Each structure stands twice: as C-alpha cells, then as structure tokens.
Amino acid sequence: MLWCPSVLVPLIAVAACLPVLAIGTPLEWEFAITLKSKILFVDEFWRTLASAAHEFDELSALTFDETEELIYFNDQQHRNGSIFSLRRDALMASHIAEQAIQRTGNESVGGLAYDPLNRNLFWSDTLQKKIFFASIDSKVTETPKVLVDLSQEGARPDGVAVDVCRRKLYWTNSNITHPTVESIDLAGTNRQVIIDTDIDMPRGIVVDQLSDRIFWIDDLKGVFFALKSARLDGSDRQLVLHDKHHEPLNLAVTNDAIYWTDKTTKAVWSHPKVPIVKATTTTSPLKAEEEDATETIPDIEPEPVAEVSALLRVANLSEEARGIVARTGFYQRLQKDEHCANIVRKVKERLDLMTKKKQMRSLVDEKTAQLERDHCLNGGTYIADRVLCICPTGFKGSRCEIRECHNFCVHGTCEISDRAYPKCYCQPGFSGERCEISKCSGLCLNGGHCKLEDISEKPSCECPHNFAGERCEQNSTEICALFCRLLKHEADIYVPFGCHDICEELAKDASDKIAIPQYHHLEVCMTPSPWTSNVIIVLVLGIVSCFFLVAVIVHGFRRLYKPKRPRIRKTFVVRKQARTNSSGDTPLTNRPLATEQCEITIENCCNMNICETPCFDPKLVEQTLAKSSNCKEDKKILIHNMDDDLY
C-alpha cells in the first residue's frame, strides 16, 4: 500500500517504505477510525495498534493534520466542547485530548475538514444547516464563523473536504429532494454547484490530491449505495462501485484504494480506485470515426466491466464505524506538483516559523529569556525575583519538567480536570484511580481462570478440579473430609453423594479418622443391572401369554380341519315273551306287549335306570331265547363288544 517515488529524499523514502515501522515512531499507524466511544488506530495490515479518547461517549466525524500529527474529532454529547484535538505520543504510548472548539448549542457535526496552511477547521452542522469554520490558534471561547448559510435554501450539508492545493472547500447536500455537490473558495467566494444530477443522497466526500479527483458516497434509494468520483470541476463522472446492504457514512482515499465505514455491518470496506462503470453518457465508436455522418446514433447505456469487483472487508469492529482518515503522505509526494508545490512550500515555511517563534525570545531582557529557555520548561513562567517557575496546567516540578499525565494512567487516557488534577478514563476491563486495577485481579482463587466475556457483565471464574464457587473458594476435598470425619462418630449423618470417592481416597492414609459413606444401591447406581424384578415379571408374563396364544391357535385349527365322527342312532326292542300269532313270527319281528318289552337307544344303554329291561347284545338275543338261561348267563352277554359291533 505504501508508494515510494524515486524523487523523494532518502530519509523520507526510508521512513515511508519500511514494511514494518520501528516501535514508537509517529508513523506507526496508517488509519484512524472513530467508533462510538473511542478512536481506533490500525496499521497498513489492519492490525489494531492502540485506542484513545475513551472518555467520550458519542464520537462521529474526524480529520487529520499530517503536518503536526494531530487528530481532530467531534463528540456529539460533550457538555462543554464540540471539537477536540488528539495528539498521540507514540514514544510514550499515551494520548492527550484537548478542547479545540467550544460548544455553542445543540449542533450536530456531519463532516469535518482541516486546512493546514491557515490552520482552520471547517465543519457542517446538519441541524443549523450551515458550514462553520474557526482557527485553532484562536481562543477556545471564540464563536465560530459561518462560511455558508444553507438554512434558507432547505439544504442539508453533510460531508466536507478541503482542496489544500486549489484553496477550495467541497461539500455534499444530502437533501433528497434536491441533492447536490458544491464547492466554494476558502475565502467564502465563488460558490458553485458542480453536480446536481444522477445523485440521490450524497454523504461523505474526500479530495484526492494524488489524482486531482473528488470521491463521494451516494446513499441510493432502497438498499443500494454507490461510490462515485469526478474531476474537481465535476466533469468526467465515474461510478466506482454499485452495491447494496450497506449504510456508508465517511470515506478515505489512499494511493490505490478507497476505504469507507459501514454502520450496518460494523466494518470497514475497501475497493480499488479504478472505476467499474463509467457514469457519463457514452457514444458509439462509429460516431467518432464518421465525422461527416448526418444521422446521430443514440446513446448507449454503460455496461459493467466483466471483471469481478474487488470489494474487500478489511476490518470487523465491535461498535458502529463512523469516521475514517488515512495517512497519505501527500506533503512529501506532491512537492513538485504544479498545483501543490507552492502550498507545500508555504506549509513548510509556516512550520519553520512556528519552530523559530518557540525558540525566539525578547532581546529586551536576555537574562530572563535565557532563564526561561534553560530553567522553566514546557511553557512555564519564570519569576525572576523569586527564582521559581509557575507551571501551566498539566505540569509540575521545580522547572515544570514533569507532565502530570506522564505514566499516570496505566490502562487509560489521561486528561487534566477542571481542578488541574490528572484524571484517568479507563479502558474496558480496568478500574481504579490510575486504571491500574483489572476486574480479574485477585478474583479467582485456587488456580481458577478469570473470564471477561462481556464488558458490561461481571467476570466469571473457571475452577479447577475439586473446587467450586463464584471465586473457586470452595474446596470439595476439604468439605468431604469434614463430612467423613463426622460420619466416623455419627453414623446417621448425611454425606453428599459426590464425597464417596474422595473419602475412599482419604481413608487409605487415615482409616481410623475417615469413614467411607455407604450409599444404598450404590453399586446399582454405578453399574445398573438390566435384570430387575419388574423386567423379569414382564418377561415371564410375555412367555406365558405366547404359549397360551399358540395353544388356542392349534386347538382352533384342529377344530376347523378335523371331521366330526358321525353319530349313528340305533334302536333295539327287547322282549321276554314273544307272541306266536303265526308260523312266521319271531321274537325280533313281533313287538312284545307293553308290560313285557322296552325300547331303548343303544347310546343310552349304559344308563340302566331308563327302563327296567336291561340291554342285550343283539347278536346273541336269538341264541338265548331258544335256550333256557339263567341270571348269570344274562350278565355275561350284557353289552358284550358293543363298540366293535355298532357299524
């Protein structure tokens, strides 16, 4: 990112071209960014180097004086001051913030710019709709002067930028009904509207002395935004980038890139200065070649270049990113520029003159001047008759050699209070009169690790093994040892469950003093068995149910598919005395008399009480009737082989 032309003197070239600057040099930072409550300094690789201005609450715009290494910034909520200066002492790694412009009302600074030649600050007030300026050499209480009054026009001045070489001020009018980009001489004359078409809501603006162009941010309608550039007179307008979902506020330009802050993503983005699309109207190449053509060819809409846009997110921030400035080194690079060489020479002459004024003293009293120069330091007033120094605010010592803020704040920014005492504004995570106390200091005991995840919350402790509590102050080993000692004497005392292993370990060395708690079902809790009584009961019931279901199914199939045995009913008539009505009558063909015979089915033969006549085997009836039989023989032939003779 650093550019080293061959025309530079060797000392400047070495200072600017070193890739890693020595620690403590004033040129160690490349970009400064205002967040809501601090100013962030980063190097060319966007590594955070330091932060400052922690005592302020609502920072917005800022500008940078490269000649004297001063940052000028605005605080929207400070009660006394509106614009402040910040001098960063890299050798001391400290920052000194001083009030530059007093607050006059409820002003709201939109943009801030600095003229190093006349040492004037210019800023836009979005509430009063005016552009003010004031000299930093004037008294703080002096009222700022109005350069441009836009209140009657309904305009809303936003970003401002100074063209040091051509002595002009540029500003953007973000009134969406009639947005413009305008310029005026630093003397307050020759006001011009250089751009008033094809813009929606221009915000931040910057003058690039290296390319003689202006760059500005245009907050387009909807979710879109654009980065645009033009020559200093408004011609040759170019569209550098057209994108969406950003809310850009301010921008800075280096030799090869543009950087801007975005409130939506809380980040800083960059893009090359090479334009992607030409915003001016283009014509057909044929029209340029055919100069004598009578027919005009309609304008062709610009088309984007086929290359992919090199949009890059260079920094992620913890708060809203607002203002941004970059170190350009244009005083060294533009010493031979036709427009800037004269201004650079005058600035150097002014710096030399300031140095000489600091060294010059009145020749009227050479002794007093010599004493002031040698004895009283840092602007102290020498009292000759008392031979002492009256030190200015912020210094002390017999020769005013001690800066009261020097090494006073360990982790913070020092500022001299209204009572002339140093006061520290601590960085997040620190407190104390000198910001020497860390919120984590001495908090965690017994080797605990302190964590501070959120600045607004209390720090917490991560405790090692066998320690607990907010500060890791509770030793579980000692607590369990007390319980187990009491258990040795009182068997019914309750011992926490987690103490079993600890007491078991302690009992190895002092078994006579330590008792090991015996918990019910400890083994079951430690190694639980799956075969519980409930599981066994459910398993047995399931098996029995399965067997019963199988039996029912088998029986059903047997009933369904096995044929029934036919039931055959036979009736036999038994009689004791047959009638001899004819020659063909036989005992089996003639029914006996009612008193002498009995009719019975063969199935009921076993039920002997149905009739008085017993059952006889049919095959033997005829044989027995022809013979004389007795009672014993009748019993022998009763139901003889009846099952075999039914069918």
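Cβ atoms are placed via backbone N, Cα and C, with glycine included.
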Residue among C426, C461, C463 that, according to Swiss-Prot, closes a disulfide with C444: C461
C400: disulphide-linked cysteine among C391, C414, C424 [source: Swiss-Prot]: C391
Which candidate, of N106, N581, Swiss-Prot gives the annotation N-linked glycosylation site: N106
Swiss-Prot annotation, disulfide partner among C435, C450 for C440: C450
Cysteine of C376, C405 paired with C389 via disulfide, per Swiss-Prot: C376
C-alpha spacing of N80 (N-linked glycosylation site) relative to N106 (N-linked glycosylation site), in angstrom: 11
DSSP-derived helix, strand and coil totals, residue by residue, for the repeat 'LDL-receptor class B 2' (167-211): 0 helix, 23 strand, 22 coil
For N175 (N-linked glycosylation site), the number of other Cβ atoms found within 10 Å of its own Cβ: 18
Neighbouring C-beta atoms (10 Å sphere around the C-beta of N316 (N-linked glycosylation site)): 11
Cβ neighbours of N80 (N-linked glycosylation site) where a neighbour is any other Cβ within 10 Å: 10
Sequence-distant neighbours of N475 (N-linked glycosylation site) in its chain (C-beta under 8 A, six or more apart): N446, N466, F467
